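Below is one structure, written out as structure tokens; comments come after it.
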Amino acid sequence: MAASGEPGRQWQEEVAAVVVVGSCMTDLVSLTSRLPKTGETIHGHKFFIGFGGKGANQCVQAARLGAKTSMVCKVGKDSFGNDYIENLKQNDISTEFTYQTQDAATGTASIIVNNEGQNIIIIVAGANLLLNTEDLREAAKAISRAKVMICQLEVTPETSLEALTMAHSNGVKTLFNPAPAIADLDPRFYALSDVFCCNETEAEILTGLTVSSPADAGKAAQVLLERGCQVVIITLGAEGCVMLSQTEPVPKHIPTEKVKAVDTTILGNMRILRLIWKARHHAVLGFVLDSMCSEQPHKTRLMPILERRKVMLPKANSLPGHTAGKLAEPGTACQSVCLTLTSTYSLLHPSSS
């Protein structure tokens, strides 16, 4: 059984509109001219440590969109864990249910990025896998009072399933990102997901279908929809995404413009942000984000770019940064922005559609 440490600071009795049950990963990032071959040692030209993990990334995105957020997660009782809790606090996220354990180290992601923005990532989930149903019961009040609950599969499937069940039974909207995907996913995940968002590779694993085009994605999305999801979104990298729902079951392809990649992970992240906003007819914001993806290295913050371009945007001060850390870095799943945008603007603010 996981050993839960003391939670972080309280949230001053404010109700979190968005609760994320998921992972926190400390990113160990090395930049190099090319990716090494098997057995090869090469020189890199830069190294930095950042904050990642699908769950924390999505939580921070929601917080920077202006939502009151709470993170239900587990980190190690180590320096990485202490730093992570402080990072969440600095992003105005409730750490009341951010637990620490001595039984495992804080999760880590070792990331290598080449000059073309391609990457190799190895994750060691560590303490993330010790987040359990007992921890969720302690956070039950926060989950049941939220408007949106988001989870993924970087914690154990049992924990994510319990979180979805708790939220669904209390009428809370649920957003599920089945990543990393598992072929034998419990059927209950589909029925408990108001929004089910995956990429093309994950869709192939889940459905057994080949997904190499928007048309293929539409077929896979229909299979997922038939399993009980209310809304299905399949992201396609440079091809945008395909989405459909129980009320609009005909697949809709939302394309995006091609740009020069700096970091494919962050590029995917911001491209999804662009195409979702494009679907909502926010073309100016899409232009800014496409420009940022093509011109800026992954350490650049979003807001300085908006300020430099003098673009007037609604709620510009609440737009998301790239990742869970102060700086943007690789390791963010492209679905994270899609999920948090959906949660804050579609579910929290339906009138803005």
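Quick reminder: no glycine exception, Cβ is built from N, Cα and C everywhere.
Unlike curated entries, TrEMBL annotations are predicted automatically.
Listed in TrEMBL:
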- Met25, Thr26, Asp27, Gly53, Lys54, Gly55, Ala56, Asn57, Glu154: substrate binding site (BINDING)
- Asn199, Thr235, Leu236, Gly237, Ala238, Glu239, Gly240, Thr256: ATP binding site (BINDING)
- Asp263, Thr265, Met303, Leu306: K(+) binding site (BINDING)
- 17-265: domain 'Carbohydrate kinase PfkB' (DOMAIN)
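Residue pairs drawn from Met25, Thr26, Asp27, Gly53, Lys54, Gly55, Ala56, Asn57, Glu154, the listed substrate binders, are separated by up to 14 Å at the Cα level. Site extent for ATP: the farthest pair of Cα atoms among Asn199, Thr235, Leu236, Gly237, Ala238, Glu239, Gly240, Thr256 sits 15 Å apart.
Cβ crowding, taken as the number of other Cβ atoms within 10 Å, peaks at Glu154 among the binding-site residues Asp27, Glu154, Glu239. The number of other CB atoms found within 10 A of the CB of Gly237 (ATP binding site), across every protein chain shown, is 17. The predicted model assigns the domain 'Carbohydrate kinase PfkB' (17-265) a mean pLDDT of 92. Of the binding-site residues Asn199, Thr235, Thr256, Thr235 has the largest number of other Cβ atoms within 10 Å of its own Cβ.
Taking the Cβ of Leu236 (ATP binding site) as reference, residues of its chain lying under 8 Å away and at least six apart in sequence are, in sequence order, Asn199, Glu200, Val211, Pro214, Ala217, Val242. The binding-site residues under consideration are Met25, Ala56, Ala238. Their Cβ neighbour counts within 10 Å are lowest for Ala238. Comparing the binding-site residues Lys54, Gly240 by how many other C-beta atoms lie within 10 angstroms of each C-beta, the top residue is Lys54. Using CA atoms as reference points, the binding-site residues Met25, Asp27, Lys54, Ala56 were checked against Thr235 (ATP binding site), and the closest is Lys54. Gly240 (ATP binding site) and Asp27 (substrate binding site) are 26 Å apart (CA-CA, integer value).
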